[in-house]
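Taking it in order: structure first as structure tokens, then the write-up.
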Amino acid sequence: MRVPRPQPWALGLLLFLLPGSLGAESHLSLLYHLTAVSSPAPGTPAFWVSGWLGPQQYLSYDSLRGQAEPCGAWVWENQVSWYWEKETTDLRIKEKLFLEAFKALGGKGPYTLQGLLGCELSPDNTSVPTAKFALNGEEFMNFDLKQGTWGGDWPEALAISQRWQQQDKAANKELTFLLFSCPHRLREHLERGRGNLEWKEPPSMRLKARPGNPGFSVLTCSAFSFYPPELQLRFLRNGMAAGTGQGDFGPNSDGSFHASSSLTVKSGDEHHYCCIVQHAGLAQPLRVELETPAKSSVLVVGIVIGVLLLTAAAVGGALLWRRMRSGLPAPWISLRGDDTGSLLPTPGEAQDADSKDINVIPATA
């Protein structure tokens, strides 16, 4: 299931807070990015969370599944048995708080409420907590560690803070998480799964052409399922730089990433172009040639042949089942020559003398 993203105007906090950690491999931090929407589309969650260990997403949660789940290489982390149950319990509490916030705001909406909670280890190994919140893409509230409560200048911040403080020990739980639970979890992850932070997955590549405006074609160079997220795509024309085109980039549900770049060229000129990709998972830059129609046709033919073979196998199996159910031998047994009579005699055919019952007493004259 695809988790919905915040509205374009509500992406400010996410885009502001995450790029620094995504671009720094040595950034030792544990961050939870939480999002709630007041009017979710049918079949989509009202609340979802992504958890990040440094540059890697390690956790996902949404209100439809109701379970915290590991992502990417962290699926194989040797964690204690109760760890994910604890994550699930904590995030269900956060879900309740975020949805309660909409009640405090009234029914004017729609609203998108986001939060960034977590901690970062400084060079001297001390923990620096983070607790920021945004409403419809604008930061409006934080958690004051000295006061032990939420605060901000907006009236909405006051309304939400008062609502949350009515929840049993909510402020105390927030303070405990930021000062103690978060740094403990971060150090545990670094101890148990430090190798995961060195995970490198090279991209699967494809360069395709499609018709564009009259007289032009659009080349799209696509990279699939790679990690870390830093990747460079560029086009060459006859070996010369032709630009980077217009790009797209995003995360996958398994913790890897995808990216693409498109370039408009003259029709008939497509085969003069190639795509060059650079990534930490590749020993050297990879040259990606344009996918030809012939290759696509071979793929389609292979799929068709595979379907036909599967269909033939299914039909043959059904016919064999009907034959054996009616008492007839399997075809390969009927073709075994001399063995036929001794194994399964053909219906209506007399047995050989050697096959008669030796215990039968001959009739007396």
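Note that Cβ sites are derived from N, Cα and C of the backbone, with glycine treated the same way.
Reviewing C119, C274, the cysteine that Swiss-Prot connects to C182 via a disulfide bond turns out to be C119. Swiss-Prot names the disulfide partner of C221 among C274, C275 as C275. Counting other Cβ atoms within 10 Å of each Cβ, the lowest count among the disulfide-bonded residues C182, C221 belongs to C182. Using Cα positions, the member of the recorded positions C119, N125, C182 nearest to C221 (disulfide bond) is identified as C119. Summarising model confidence by region, the topological domain 'Cytoplasmic' (322-365) averages a pLDDT of 44. For the pair formed by C275 (disulfide bond) and C119 (disulfide bond), distance between Cα atoms is given as 39 Å, rounded to the nearest Å. Here N125 (N-linked glycosylation site) is positioned 11 angstrom away from C119 (disulfide bond), judged by their C-alpha atoms. Residue environment of N125 (N-linked glycosylation site) contains 9 other Cβ atoms, counted within 10 Å of its Cβ in all protein chains. Reported as a whole number, the C-alpha separation between N125 (N-linked glycosylation site) and C182 (disulfide bond) equals 13 Å.
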